[in-house]
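S.K.: Just lifted these from Swiss-Prot, have a look:
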- K12: active site (ACT_SITE)
- D137: active site (ACT_SITE)
- P95, A96, Q97, A98, G99, M100, G101, G102, G103, S104, S105: ATP binding site (BINDING)
Amino acid sequence: MRSLHDVPAPAKLNLFLHITGRRADGYHLLQSVFMLLDWHDTLHFDRRGDGQISREDLSGMALPADDLIVRAARALQQATGCRAGVHIGVEKRLPAQAGMGGGSSDAASTLIALNRLWQLNLTRRELQRIALDLGADVPFFLCGNSAWVEGIGEHITPLEQAHALPPQRFVVVKPEAGLETLSIFRDATLKRDHAHATIEDFAADHYGFGQNDLQPVAERLQPEVKKAIDWLNSLKLHARMTGSGSAVFAPLTQTIDLKDAPGAWNVRVCSNLQAHPLKDWLKDESL
């Protein structure tokens with residue numbers, strides 16, 4: 001196999017995000033549902049025989065020289081001893097500093113695609129172990145489904161069968177301004193003692209359950225977040241922030257006119273995915 005083109009890297013929304021504590025090493029403990037969305041970046045992979053990792057921006061958005069895509073490819077080389085290389089073309093559509101997991105999803109799709117392109121035959125669990133060092137959200141994007149996530153992001157329960165999320169459309173708003181995740185988690189006013197919930201609690205009201213504990217801090221640090229939420233609420237929608245922002249979203253329960261949104265905002269109507277588009281590219285370990 002010489003190439004894999006048009007490989008999707010879907011976004012996620014946090015349907016809720018509760019901070020339940022903080023470890024001695026400073027990492028925050030959370031509970032959340034990460035939901036896959038049909039808004040995605042697209043990656044293209046061409047095998048190289050010289051072992052080099054190269055990357056090309058195809059969308060006009062400047063990318064750092066050592067972003068998560070490159071780091072994921074190098075991590076897979078190092079973990080397996082693979083001597084093959086790759087040239088990666090990136091069509092970047094997902095906004096940065098949005099709380100939608102764009103960089104983490106790119107890294108996960110890179111691991112999945114190179115596992116196939118380089119014929120490594122690693123299992124889903126093996127790739128997730130490699131992904132842990134790339135970022136807390138990367139293992140989720142390898143699990144194959146939307147998921148209930150706990151701990152610092154390492155405890156992942158796919159939402160399948162009886163717990164599968166019902167189909168739903170959403171309006172997603174990304175204000176022009178972004179937010180740095182660390183600035184929110186370091187804020188002295190962040191509440192870190194949310195009571196633990198269960199999947200059964202969440203299942204009683206999939207798209208209305210809980211809250212985002214990071215949202216009050218984000219609204220104070222970046223007023224555009226509150227402005228976007230207020231705009232969606234004025235349309236009689238139930239809006240909240242995803243992740244550490246600055247993107248916000250609301251389930252669509254009616255037809256709405258999006259033309260009144262400020263021109264600098266990125267406004268998009270999306271649907272949830274029933275499974276990751278690359279789910280079947282990985283095999284699960286036998287029990």
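Each Cβ is built from the backbone N, Cα and C atoms, and glycine gets one as well.
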S.K.: Give the residue from the binding-site residues Q97, S105 that has the most other Cβ atoms within 10 Å of its Cβ, counting over every protein chain displayed.
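M.R.: The residue with the most neighbouring Cβ atoms within 10 Å is S105.
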S.K.: Fewest other CB within 10 angstroms, which one of the binding-site residues P95, G99, G101, G103?
M.R.: P95
S.K.: Given the ATP site residues P95, A96, Q97, A98, G99, M100, G101, G102, G103, S104, S105, which other residues of that chain have a Cβ within 8 Å of the mean position of their Cβ atoms, reported in sequence order?
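M.R.: Here the nearby residues are A11, L94, G243, A247.
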S.K.: So which of the active-site residues is most packed in, judged by how many other Cβ atoms lie within 10 Å of its Cβ, out of K12, D137?
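M.R.: Max Cβ neighbours within 10 Å, all protein chains included: K12.
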